[in-house]
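Please read the structure below before turning to the comments.
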Ligand SMILES: Nc1nc2c(ncn2[C@@H]2O[C@H](COP(=O)(O)OP(=O)(O)OP(=O)(O)O)[C@@H](O)[C@H]2O)c(=O)[nH]1
Ligand SMILES: [Zn+2]
């Protein structure tokens, strides 16, 4: 049988078949995926093959194969820093929720997030939330930012989780897909998910109260099917995803507007910093590349990893 992993609690995995039946599954023996140094061999979102075993009239599954992953999001394992922990796999998109104030979302955060999502090959859609609460000046800032990111190719939507404005547009994008919501604490992720699917709120609340009782010491991701043929991955306690390690030379490839220009630079290993005849700097001078984006690019290649990790992660 083949199914999708919806939940993992360490040794047991909840796997749902295409017909919608869920089975509790274990892994057979020393199951390892080639090439992935991970503390968890199977993650939420994985497509797996399993066989059924019947004990005391109860069917449980034994997973013997994992299908190739389209993408993964990982975090460094807490205990073994060299190893990674796969949070989820096979995501179709991530919605990055942004607020201009309450709390402020800086462009450096947005850009680091986007670089990471590009590196993971996960499509990102930018949601500017709380537009019901903004004055004219703040709305202008939303328009300005949306313009910058649309030019690069990112879809941007102004929403209000509170009044429901444009929530239907978000739902339409989610149809038939697996999504995740990300963003700083307080941007309105829970409020939006609740507006999208009120029934889900209960479920996630139940889970977090279990955590409070200390039944789990680690937080696990979980996938939920929604009522309109869409799924979301909820990652309690994890409000974003960590940065992947990348070489300086690679960073520009994850800024789509820089990547497009790099073939026009004189040097094919151009880092677009001090090199002569650099197409990226020429574009910057002509206002074809946003200065805030270029500044974020410089910050990343100059390496501010430490700071970056702390503002991207929230392990409370
Ligand atoms: N005015 C306004 N307030 C909003 C909107 N969406 C959320 N809020 C408020 O913002 C606050 C934070 O919302 P949450 O949904 O808890 O934010 P969150 O991103 O889930 O926060 P964490 O759980 O800490 O990650 C709450 O007081 C919400 O009522 C919105 O569209 N407009
Ligand atoms: Zn260059």
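In case you wondered, yes, glycine gets a Cβ from its N, Cα and C as well.
All TrEMBL annotations are machine predictions without curation.
Taken straight from TrEMBL:
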type	residues	note
DOMAIN	80-241	domain 'CP-type G'
DOMAIN	89-239	domain 'EngC GTPase'
BINDING	129, 130, 131, 132, 183, 184, 185, 186, 187, 188, 189, 190, 191	GTP binding site
BINDING	265, 270, 272, 278	Zn(2+) binding site
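The Zn(2+) site is defined by 265, 270, 272, 278, and by the 8 Å test on Cβ atoms against their centroid, the other residues of the chain that qualify are 261, 262, 266, 267, 271, 273, 275, 277, 279, 280, 281. Predicted-model confidence for the domain 'CP-type G' (80-241) is 87, expressed as mean pLDDT. Taking a Cβ distance under 6 Å to any atom of ligand 1 as the criterion, the binding-site residues 129, 185, 265, 272 reduce to 129, 185. Once Cβ contacts within 10 Å are tallied over all protein chains shown, the binding-site residues 187, 265, 270, 278 are led by 187. Among the binding-site residues 129, 183, 189, 191, 272, 278, the residues whose Cβ sits under 6 Å from any atom of ligand 2 are 272, 278. Between the alpha carbons (Cα) of residue 278 (Zn(2+) binding site) and residue 183 (GTP binding site) lies a span of roughly 34 Å.
When Cβ atoms from all protein chains are considered, those within 10 Å of residue 185 (GTP binding site) total 10, not counting its own.
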